[in-house]
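Down below is the structure, laid out as structure tokens.
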Amino acid sequence: MSVPPLAAPTGHSGSQSTAEGAGSRLGLLSGASAYVLWGVTPGFWILLEQSGAVEVLAHRLAWTLILMIGVSLVLGRLSALRGLGLRAWTMISVASVLIATNWGVYIFAVHTERVIEVSLGYYINPLLSVLLGVLVLRERLRPPQWIALGVAVVAVVIVTVDYGRVPVIALVVAGSFAVYGLLKKTVPLDSLNSLTAESLVLAPVAIGYLGWLQVTGAATFVTEGAWYSFLLFLAGPMTALPLLLFGFAARRIPLTVMGMLQYLAPTLQLLWAVLIAGEPMPASRWFGFALVWVALAIFTVDAVHRARRAGRAAGVEQRRQAATVVEPDRL
């Protein structure tokens, strides 16, 4: 999805346009791959059910740190962390606790057959992020956004009545990720450096916990065989790879496209929960989810419409500025 050149065509315009188009296609593929990986991870975490959510989370944090330090060293990116001040590290520390909570609850939900709630959480996350923007950043919502939020609230109430309890997992998943995203805006780091920094904060605790499990004989690493230990190690790549793909895509395709791709993950999680894990999905729950989809449709259409209007306005301004430029051969 290349942007038309603003200047007059040159001999390189064709090759530049081709390169931009290839970059956009590669970005789209990377973004879709990231969300597909996030969507199918319940099938991986269920393989580690024997360890329990806390031990799996500890392995996830420890192996992610080792992997991210290796990648950062190869790419020469560790220097970005050296210039961070106390405020930045404070924000990173809070963000790391939030993302670890998100990961831990996700793993727990998979092990206890509550992936439908996780799916609901990731569906409503964009709407909750908008609400946080209103409450914390004092942003003003457009009418379609208010309507989408209202429909989403009704949907959560319906799902609550259906479950007979508040869908705590869904709300924790959505809330922790929304606040995490808000904090990330305060720290000028890309996805690679951000994940490395967050892992640096919590990995020492995770490694200490894993050491304690080994000493007390409660660990499953090594004791359950080479294959199972390898699966625990893969918790690191399964965490890092989709985030790296996401970071690559975010620099190459529009945010509106990324916004639509994000619904791949909860959709695949829902399909996995219903079709593979066999979690119950009565008609009333389907109705609640249908309302969530209506809310997301309103939200997405409004976002796309606004992005197109902004693009057209920018194009008009650029053409106006170009028209005022005096060509050299007319001087």
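Cβ coordinates come from backbone N, Cα and C, glycine included.
Annotated in TrEMBL:
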type     : residues : note
DOMAIN   : 26-160   : domain 'EamA'
TRANSMEM : 26-48    : transmembrane segment
TRANSMEM : 60-76    : transmembrane segment
TRANSMEM : 88-108   : transmembrane segment
TRANSMEM : 120-137  : transmembrane segment
TRANSMEM : 144-161  : transmembrane segment
TRANSMEM : 167-183  : transmembrane segment
TRANSMEM : 195-215  : transmembrane segment
TRANSMEM : 227-248  : transmembrane segment
TRANSMEM : 260-278  : transmembrane segment
TRANSMEM : 284-304  : transmembrane segment
Check: Counting Cβ pairs under 8 Å to the transmembrane segment (26-48), which of 88-108, 120-137, 195-215 comes out on top?
Finding: 88-108
Check: For the domain 'EamA' (26-160), DSSP counts of helix, strand and coil?
Finding: 117 helix, 0 strand, 18 coil
Notebook entry, point to check: Do the transmembrane segment (120-137) and the transmembrane segment (144-161) come together with 3 or more C-beta pairs under 8 Å, pairs six or more apart in sequence?
Noted result: yes
Check: So which of 60-76, 88-108, 167-183, 260-278 is most in touch with the transmembrane segment (195-215), counting Cβ pairs under 8 Å?
Finding: 60-76
Item checked: Averaged pLDDT, computed only over the residues in the domain 'EamA' (26-160) -> 91
Next item on the list: Give residue numbers and ranges for long-range contacts of the transmembrane segment (88-108): same chain, 6 or more residues beyond its ends, CB-CB under 8 A.
Entry: 41, 45, 48, 53-54, 56-57, 60-61, 118, 169, 172-173, 176-177, 179-180, 183-184, 186-187, 189, 194, 197-199, 201-202, 239
